Amino acid sequence: MSPQTETKASVGFKAGVKDYKLTYYTPDYETKDTDILAAFRVTPQPGVPPEEAGAAVAAESSTGTWTTVWTDGLTSLDRYKGRCYHIEPVPGEESQFIAYVAYPLDLFEEGSVTNMFTSIVGNVFGFKALRALRLEDLRIPNAYVKTFQGPPHGIQVERDKLNKYGRPLLGCTIKPKLGLSAKNYGRAVYECLRGGLDFTKDDENVNSQPFMRWRDRFLFCAEALFKAQEETGEIKGHYLNATAGTCEEMMKRAVFARELGVPIVMHDYLTGGFTANTTLAHYCRDNGLLLHIHRAMHAVIDRQKNHGMHFRVLAKALRMSGGDHIHAGTVVGKLEGEREITLGFVDLLRDDFVEKDRSRGIYFTQDWVSLPGVLPVASGGIHVWHMPALTEIFGDDSVLQFGGGTLGHPWGNAPGAVANRVALEACVQARNEGRDLAREGNEIIREASKWSPELAAACEIWKEIKFEFQAMDTL
């Protein structure tokens, strides 16, 4: 590049940033079974070669800094440095590349998602040599997986606790999410649970506000679920949100929930933080509480295609930090979620071993060793007409959560719950009989509505409701 054609970015790059590729770009490197592997979508500044950009990511997220320092001689750089070992162009994108980086396991504290993210994504995303950077996927080696407790209980233990098998679980978020008194809130919980739902839920921003303090909510919700249990003979739960301003306050709420004898609590793991989440997950395992996880704030991190972090990484991090449920999109509802990509990270949440499959956005084969699985939660803009698709897409090991799709029923909360339970049971029965839910779904719902007036009313009110927008999260 001649001086006349050099861009300002390239001049600034040469003047202020060390040439990283000599040390950190190692295309001949053979990855180790113990390495943490990362796939970054890199958009370099004009004038910055992709190899240099990838090497800069490896350096700044491991041992490197902008210049040579004398203390480099006091350690083994070869042992501790991150390495950019492969770069490939992103199809259809002129200036984007996937940079693969390998990190030695010794760079990370055992059992700490907080430390892992502080290293890999903590500083490098503000790097001037890059226009944008997105972490697409991580491969967590067996040796590191085994340092985490993971979910407090996992899918099979949860089913055994609830004595519920062979179908998805049904839930409902209480609406309006803010403004109800604790007693009215508890009444809404009771109506939904007695109507046939397995769970009701605090919304993510229900903590302890002036209109409803947490202790009052916990008491009224516990009363509601125990009353519903007595009437239905089924084990019921309400996700009591323990998220708080301090870890001490969060734990106080979790302890009170355990003393009440309820089966499950909840945490907003991104706004609450991974340290708090892991602390709560350990308490839940030790004290027999299930842990529901809400992903509030995730779209701030994962919505943009070229910058941030893909949700599949956040999902893996949650499985390591600990949670028995996590919201994972719906594919068919009001919130973001393309089918193949969503099913990719749903498998990463549930399965013990997941093969690399770029068609579903999975960059690395992931072996979870003995870490329990997490139930994906489908929630957001779904109603009875979506039940066949949800049952077919997510299968039995899932939680299908209908907020407005329960509470918006024209006859009230309990009939709304009845409608959802009837629709689910009809879909499960039809599937077990060999019927095609994708092709015959509407017919299955219509047949069931003939003997369930609650379902018929729900079908009528939501027959025209659709959320047809193009997904942002595409391959």
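The backbone N, Cα and C atoms fix where each Cβ goes, glycine too.
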Candidates Ser62, Ser379, Ser398, Ser449, the one Swiss-Prot lists with Asn123, Thr173, Lys177, Arg295, His327 as binding substrate:
Ser379
If you skip the near sequence neighbours and keep only those at least six away, which residues in the chain come within under 8 angstroms of Asp203 (Mg(2+) binding site), Cβ to Cβ?
Thr173, Ile174, Lys175, Lys177, Leu178, Asn241
For the recorded Mg(2+) site formed by Lys201, Asp203, Glu204, which further same-chain residues have Cβ atoms within 8 Å of the site's Cβ center?
Thr173, Ile174, Lys177, Asp202, Asn205, Val206, Tyr239, Asn241, Met266, His294
Just going by other Cβ atoms within 10 Å, which of the recorded positions Lys175, Lys201, His294 has the emptiest spot?
Lys175
With H, G and I counted as helix, E and B as strand and the rest as coil, say where DSSP puts Lys177 (substrate binding site).
coil
Of the recorded positions Lys201, Glu204, His294, which one sits closest to Asn123 (substrate binding site) when you measure Cα to Cα?
His294
Measuring CA to CA, name the entry from the recorded positions Lys201, Glu204, His294 that ends up nearest His327 (substrate binding site).
His294
Secondary structure at Asp203 (Mg(2+) binding site), reduced by DSSP to three states:
coil
